[in-house]
Amino acid sequence: MKKLRRLTSVENNNNNDLKDDLKDGLKDEKKDEKKKENVEDKDTEYNELEERKNELKERLKYGMRKKKGKKTNNENGEKGSKKEPQKKFNFKTVIMLLFVVTIIMSLPSMMDSAKTKDQKIISYTEFLKKANNGEFKVVQEKEGYVIGKKQLEDTSAFRARMISNRVSQDPNLMKALTQTSVEIKSEDPAKTPLIVQILISWFPMLLLVGIWIFMMNKMKGGSNSGPSVFNMGKSRAKDNGENISNVKFDDVAGIEEAKQELVEVVDFLKEPEKYKKIGAAIPKGVLLLGAPGTGKTLLARAVAGEAAVPFFTISGSEFVEMFVGVGASRVRDLFNKARKAAPCIVFIDEIDAVGRKRGSGQGGGNDEREQTLNQLLVEMDGFSSEETIIVIAATNRPEILDKALMRPGRFDRQVVVDKPDIKGREAILHVHIKGKKIGKDVDLHTLAKKTPGFVGADLANLLNEAAILAARQHRDIIMMEDLEEASEKVSIGPARKSRVTVEKEKNIVAYHEVGHAMIQTFYKDTVDPVHKVTIVPRGMAALGYTMSLPTEDRYLRSKKEYLADIRGLLGGRAAEEVVFGDITTGASNDIERATGIAHAMVTKLGMSDRFGPVLLDATKEGDMFQNKIYGEETAKSIDEEIRKMINDAYDEVKTTLRDNYDLLDKISKSLLERETITGEELNILMSGGELEPLKPLKDVVAKGIDELKEELTKKEKEELAKKKKELTSDSDNSPLEVEETETENENETKDESEDEKTDTDIKEEEK
């Protein structure tokens, strides 16, 4: 038995050991699994860190340069000392310090006043009587007062103002005091401390300076752009620093030639050694020329983003301030920062604000802009060949820039950022349409054709307005009609359909616009075709308009085309005179534009038969004074030639409209009926055809309601047929269920008959 017990105990112990081993094994397996998971997690984290490290290396390779002289260790050997925040000038602290100093300085006088609290002030006559009566044993003179006491230790005394500077100079008082054997004591007058004298003399000046500093700092804090007193000469350029521009060349479309010009600049910033080995020198400055909104600033940001270098941005107007010398100081500070951050890009937007031709200042005095420009010229020419700093500037007025600024060595390369053509506009639309839902009917190529002269900013605004119009209609998708409406809104102005126009004025506007459209159609070989004619008011003053769109981008204009433009502009005024026998102010803008074209043809383009190819007006855009190079007789001849050119065109237009009066009347009535006529409809009417009659709005609405009801009844019938099939196919149905279905079918037929009745009632009400 004992052996059996021993064996069982041994077996139990073995079993327990096995269980423990199994548990330990399971725990080890779990630990191994966790270790594997941790290793995998660490591997992924390690890979992410490696990728991040490589990215930082790339950025540090081309862009990041640590500032010289930066301390890495503290005096105690600690690494990474934190920058202490710069303490701002606190005017309240200065006021409190002055207040404390004043109190400390006034303490002696306060103590003296406490001592003289028990002294009774009396008149000089009364004091003299008391002295004659022998009431005083001690008399003390102090600070213009004479003090009489019975005993020297007494705090109570009589006090009177002396009539002389000293007691010895008063014979009456001296006689009374000597007769009564009074002890006379005298103290030297208290001297004002030197600090108090300095404060008294300088306090008004310090107060004024403090108020001025306070006001200047208030100006800066209120507008976030005002100059601080202590950093007036510092550059206000925005330094992106490590936040390098995230714009790439892929985000810039429609200006491929300009992008190609700047690719070399990017390559130089990335690999300057490649050019230095060959002996090539990259341009130190790139001047971007183009109309507003063409993408000059976007190009500069794309260059910085592609090259991965710091990007300094500043406007030309930020150099000049009300204080003399601030502009030059800011230029120096800007280029000092750029040298420390090299390689980098300095972008000066609207450089014409500071780079205007010297000697053109108003008043003939010294111009602060000239000093700033001189400093800019020195800094740009003072670059060493090893400095990888590129200055990119943008302007839309290159004709007013100083020649010294545009010479080789400063702005060597001039990149023209022109308005995009049809392909460019389509590419820009594809860039800005990203992230927007568009309908299947949207054709960006057609939209690009309908937006001649639009720049990138206009196209971005157009798409934004189209999205707003779609949201206004509670739609999630932008349709083509939204884009067309947005293009007219951007170019002409928003439609004002709620504006009530008098019937007479509406007729005048209709004939006026049809006059434009007819003349432009008659001269369609030399004029852009008409796209739309409408009498719906838009914008500030347009009661109606005729829109023409070019079929292709053109860069040259002929004399015939200019004359056809003048005829088309005068068609509205001629139609008013032919139809109504009177003229209105509606053609004021047309006359202004026609006169401008005729003046340019005579004086600048050499398209006059009388003067020939001669330049008579050298005035450029932006000049303050007209640059005439002709005399009074020539000026008179110019006026006569312009008048003859316009009058001949006007007479020709009136003759054309009189000969086609019936057609003018027919198209005008159709425009009054429809309010808007497309170019295709105009061509049909001009060729003698007829347009389809407009359907009444009620019929259109009723038809839409009927179609919807028919669709609903069809769906209901299909659902009923499905239910019947299910009922017939189900053989397990009880007779009660069949009766219930029959009653349901009867109720449904009743409901259908009631629906039919309601439909007929609705139709009768609509009729």
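Here, residue 1 is simply the first one shown, and the rest follow in order.
Positions of Cβ are set from backbone N, Cα and C atoms, glycine also.
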Record says H512, H516 bind Zn(2+). Source is TrEMBL. Which of D421, D590, D609 does it list for that same site?
D590
How does the model score the domain 'AAA+ ATPase' (282-421) in terms of mean pLDDT?
81
What are the sequence-distant neighbours of E513 (active site), meaning same chain, six or more residues apart, C-beta distance under 8 angstroms?
V533, T534, I535, G544, Y545, T546, G572, L671
If you run the three-state DSSP split on E513 (active site), which class comes out?
helix
